[in-house]
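Features as listed in Swiss-Prot:
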BINDING   HIS58  O2 binding site
BINDING   HIS87  heme b binding site
DOMAIN    1-141  domain 'Globin'
Amino acid sequence: VLSASDKANVKAVFGKIGGQAEEFGAETLERMFATYPQTKTYFPHFDLGKGSAQVKGHGKKVAAALVEAANHVDDIAGALSKLSDLHAQKLRVDPVNFKLLGQCFLVVVASHNPALLTPEVHASLDKFLCAVGTVLTAKYR
């Protein structure tokens with residue numbers, strides 16, 4: 001459960017990275033594919049090379065979902081309901097991959113904004129990303 005302080009920290013992070021969210025989304029995917037190559041199996045039709053238009057396009061979708069969740073931090077489940085349905089019923093992405101993606105996103109945020117990611121903010125952002133992952137896997141059976 002995100003506290004009021006966690007919610008404020010999450011909103012502050014997304015306020016700070018706002019204009020870079022799409023780039024962060026693509027960089028997060030690139031990092032995930034390089035660090036956890038097994039995640040590539042969900043994208044057999046993608047050019048997964050660095051700077052790929054397809055990775056950038058999907059990174060934009062990832063970023064949009066995270067921004068949407070941050071903008072609706074009091075109702076992440078409602079904000080991501082359709083995306084949860086898609087991942088559970090059609091794409092059937094292994095739930096562990098959401099955790100891996102979240103870890104990579106934390107690294108990207110930290111690498112670009114080291115002063116922003118204090119221990120408290122890091123903990124809040126990690127809790128938020130775990131909440132997003134929980135929502136995205138809630139409809140799995």
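Placed from the backbone N, Cα and C atoms, the Cβ positions cover glycine too.
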Binding-site residues: HIS58, HIS87 - member with fewest neighbouring CB atoms within 10 Å: HIS58
Distance [Cα-Cα, Å, rounded] between HIS58 (O2 binding site) and HIS87 (heme b binding site): 14
